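Asker: Handing you a structure now.
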Amino acid sequence: MELQTFTPSLEISSCTKQENTEKSHHITQKGICLDQPFPDEDNSRLVYINDPRRTNHKYEFSGNEIRTSKYTVVTFLPKNLFIQFHRLAYIYFLVIAGLNQLPPLAVFGRTVSLFPLLFVLFVTAIKDGYEDWRRHRSDRKENNREALVLQCGNFVPKKWKKICVGEVVKINADESIPCDMVLLGTSDPNGIAYIQTMNLDGESNLKTRYARQETISMVVEDTFTGLIRCEHPNRNIYEFTANMEFSGKIIPLGQSNIVLRGCQLKNIEWIIGVVVYAGQETKAMMNSTASPSKRSRLESYMNRETLWLSVFLFVMCAVVATGMGLWLVRHLHQLDTLPYYRRKYFTNGPDNGKEYKYYGIAMEVFFSFLSSVIVFQIMIPISLYITMELVRLGQSYFMIEDRHMYDIASNTRFQCRSLNINEDLGQIRYIFSDKTGTLTQNKMEFRRASVYGKDYGNSHQNNVTTFETISEGELEEPTKQSEINVDSELLALLQRGIEGEERIAAHDFFLTLSACNTVIPMGKKYSSPNSDNKAVEAGAIDYQGESPDEQALVIAASAYGYALLERTTGHVVVNINGKKTRLDVLGLHEFDSVRKRMSVVIRFPNSSVKVLVKGADSSMLGILDVEDSRNTKVKQPTENHLVDYSSHGLRTLVIAARDLNDAEFSEWQARYEEASTSLTERSTKLRQAASLIEKKLILLGATAIEDKLQDGVPETIESLRQAGIKVWVLTGDKQETAISIGLSCKLLTLDMHQIIINGSSEDECRFLLANAKAKYGIKSEQSRDGTLKSKKKYDYDIVDCNDEKRTHGILITETGKQDPRYSGFTDNELRLSCEKYAVSDDIPLALIIDGNSLVYILEKDLETQLFDLATSCRVVLCCRVAPLQKAGIVDLIKSRTSDMTLAIGDGANDVSMIQMADVGIGICGQEGRQAVMASDFAMGQFRFLKRLLLVHGHWNYQRIGYLVLYNFYRNAVFVLMLFWYVLCAAFSSISAVTDWSSVFYSVIYTSVPTVVDNISLSKFKNLLAHYSPYNDFGIASSLSLHCDPSDFLAF
């Protein structure tokens, strides 16, 4: 089944936008568009294992037949026509054709008047019908596939469309999953299954799913019974909340226990599961909706021009009707003998002397007006819509086939997922970019480590060791080598006996790297370096994980002698310097955006229990044991190392651990089991359980991972800047890391003045913004020129540098009183700073702001202050931002200016930003294809953005713009010719050309040449050598739709 129209679970809700004065509240209302779980456990879905009749006794669950088509044979014609007539121009021509059918208004032949509209409707219907026929064919193929279903004790083939909720299904290797199933057992003794979710979320690496140890006995004993209580169907593919009643026990079920429709089984012989969601209720089908449609900016201009043309058309028709009335009054007594208005036939036939139908002067004037509308109808170009679609299609073809935008590494070409905004690529003024995976490669390599307050991995003491792994998802291919920085001093420390605080801390440090993750080792052989710092290769391990960071840390731990060999739901096996150690996993708290850390509770062979934690420094340093002497000794050096790592552009994590006594463990275990089996607010209860053990931790150290820049990123950013485009980076990394990457990619330059906003309260953020505006003489929104859509007034305003009424503070209230909290700046200091910076408009500014500050700014009355400051800077760098904050930043510019915005990213956290921007671009990267599926265009590398905007975008916009203007011009010329002829024909509304010539003039004669010319690539050469053409026809001087007709004669 093709799921090209899949929309990820992270998307902007379709809430109605409020006024700009309430936009701070509007941003907070945007949320993840996911169906909420049921409010109470009594309202849960009940699935009786291997009893579909009892499960669906009320016939409330859908079958497994899917349908992605829009139409049926019966509904195609009315439904398609209804959709097409959403275009007002079609209704206009329908009214014109209807008027022409009336005898008094029959200017053209009745068939001829219908031809243009029927032709356009027919072509569009053929296109829509063909696309829907392909969907029907795909649906039939999908529904008629077969799977093994348990019936009367045996697994027998059954068509997918006949599978029901509650049935037990068996899937063999490399087969697709027909519906959403809870795993009951697998061919692996530990209940592990590997699935590929390429068809669901586009991610190429394998995911690991588990069958609960309690349910494996069902498969062994061949007795499938039990009751599953689960949430109602929803589109969130990353969560599943349920529990199972089996043998008198309540077993918790989560995301790791379910396999979804559309996935494929890999590297395992078979799995057996019970169906919980089928057909249209599966998560894949609930996500198979199209991305929000975006309308081209040029089409809004077309509507404006069409409105003015309509006014002009009615003026001409009024002139003709008025002339008709005056002419009739003047020649009232001659109507029997004058041409065009004789009221009697003068022939030798049977009609001789027969009178015409004459309705009187008033009605004749009215009919003359309507007849003129019919004659001059070509003023509104109906063929323009078809012509634009053909031109866009041709332009998309050349963009897709452009070999300069083909990524060899990922074997991906450029994708046009939306054909109606091609020309918007040539009007971009703001680019909002993610960092990880977009500007960088998202291929993590372990570089440095801080262990017990000591830095390891510096270049002067670091040696490179070769460690072999298998690339993701390519088990059959030869292994490839990757470099691991193995510090000889740290390696020697790890090979000593476990004695002393430093050695114990190093042991727990690398044990945390090996055990505190969700990475699955595949393969039976492993690698471990010897004392000579040379890797002894007995084979290779393929570490499969959903996060490149986790894979890099596990590979590094293996290189230092802590190799992860096995992982199940209940234990892990780690090879510690040649000795296998089995650790029981008692509980796992996965990483979430609230806690920003991950922890695992393990039991050692000596029955001691310990919690191992890793996470962001912002969430880890605050939960350390302040009374422990080890933390007092290690914390400050570790923080210094974190700053140093970040300044070099490295991604950091803090590692900590603590021992749990029996009382602490018992309390946590009770809360954890209760939360794991809960059907309501499970994630909240799990966080509460984690808080019981994620406290008073002992700091072990920190890690530093390198994420290298993609090829051509600095050159691309510089080219875009020369073209007048501003590039903003929105990332979740630390501020120091983001600044370092910004310098390396030439986003930031050494001559830029950096304005850093790191506020911890609303008042502090207000002060920092006001101070920056006053220091650099930045004017407020109300006093600046520009194309601003909205203006807001706040209690606080920035006083201009030249204001004589300035007091000791930089904030002045509306009452004129000084705010005493921020009165540390003297008059002289403020005056000098304003004079120093405000005299020059060419000083490059860079705004650096963190997500914590944006919480107060975007949700408070500070958006205008941020907008004034940000738009005055050449570069804006937002750090530690959440996905919805990214969308809020985009909306800040989009809602307040008429500038076109573009968002580019590669992960699910970029979806909200991509859908908010005027143009969204997804990168086919390491984080899957969620961004691609929600985007308008997709490509393999960030550097292709240069050619996309400066070449294709420039010509798409210029040529479509000229196409629109030419169509309006050529129709105006034709109509004016008809108008002058009517004036010389006694205002009789007679046409100067034949019926078919009038129709073919715009549909065929003058349309085909423009289509060919606008698709042509003859002018694409050498454009990248000159950036000025982008500004000539781009948004810097928008192509006017009111041009001299002589321009088109030359064109």
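Note: Cβ is positioned from N, Cα and C throughout, glycine not excepted.
Below are the features I grabbed from TrEMBL:
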- 47-112: domain 'P-type ATPase N-terminal' (DOMAIN)
- 112-130: transmembrane segment (TRANSMEM)
- 307-329: transmembrane segment (TRANSMEM)
- 365-386: transmembrane segment (TRANSMEM)
- Asp434, Thr436, Asp906, Asp910: Mg(2+) binding site (BINDING)
- Asp434, Lys435, Thr436, Glu550, Phe591, Lys614, Arg651, Thr731, Gly732, Asp733, Arg880, Lys886, Asn909, Asp910: ATP binding site (BINDING)
- 932-1012: domain 'P-type ATPase C-terminal' (DOMAIN)
- 972-993: transmembrane segment (TRANSMEM)
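Please go over these features one by one and say how buried each is and what sits next to it.
Answerer: Residues 70-71, 76-77, 80-81, 83-84, 90, 93-94, 96-97, 100-101, 374, 382-383, 385-386, 995-996, 998-999, 1002-1003 of the same chain, all 6+ positions outside the transmembrane segment (112-130), place their C-beta atoms under 8 angstroms from a C-beta of that stretch.
Taking Cβ pairs closer than 8 Å, the transmembrane segment (365-386) reaches residues 87, 89-90, 92-93, 96, 99-100, 104-105, 107-108, 113, 116-117, 120, 123-124, 302, 306, 309-310, 312-314, 316-318, 320-322, 324-325, 328, 359, 963-964, 967-968, 971-972, 974-975, 978-979, 982, 987-989, 991, 998, 1001-1003, 1007 in its own chain, all 6 or more past its ends.
Cβ neighbours of Asp910 (Mg(2+) binding site) (same chain, under 8 Å, six or more residues apart in sequence): Asp434, Thr438, Pro883, Lys886, Ala903, Ile904, Gly922, Ala931.
Asp434 (Mg(2+) binding site) is surrounded by 29 other CB atoms, counting those within 10 A of its CB over all protein chains shown.
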Asker: When you measure from the Cβ of Thr436 (Mg(2+) binding site), which residues in the chain that are at least 6 apart have a Cβ under 8 Å away?
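Answerer: Listed in sequence order: Asn442, Arg651, Asp707, Thr731, Gly732, Asp733, Asp906, Gly907.
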Asker: For Asp906 (Mg(2+) binding site), list the number of other Cβ atoms lying within 10 Å of its Cβ atom.
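Answerer: Around Asp906 (Mg(2+) binding site), other Cβ atoms within 10 Å: 29.
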Asker: Please list, in sequence order, the residues in the chain of Arg880 (ATP binding site) that are at least six apart in sequence and whose C-beta is under 8 Å away from its C-beta.
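Answerer: Once residues fewer than 6 apart are set aside, Arg880 (ATP binding site) is near Ser618, Gly732, Asp733, Lys734, Gln735, Asp850, Gly851, Asn852.
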Asker: By DSSP, what is the split of the domain 'P-type ATPase C-terminal' (932-1012) into helix, strand and coil residues?
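Answerer: When I sort the residues of the domain 'P-type ATPase C-terminal' (932-1012) into the three classes, I find 58 helix, 3 strand, 20 coil.
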Asker: Test of understanding: give the count of other CB atoms lying within 10 angstroms of the CB of Phe591 (ATP binding site).
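Answerer: There are 19 such Cβ atoms around Phe591 (ATP binding site).
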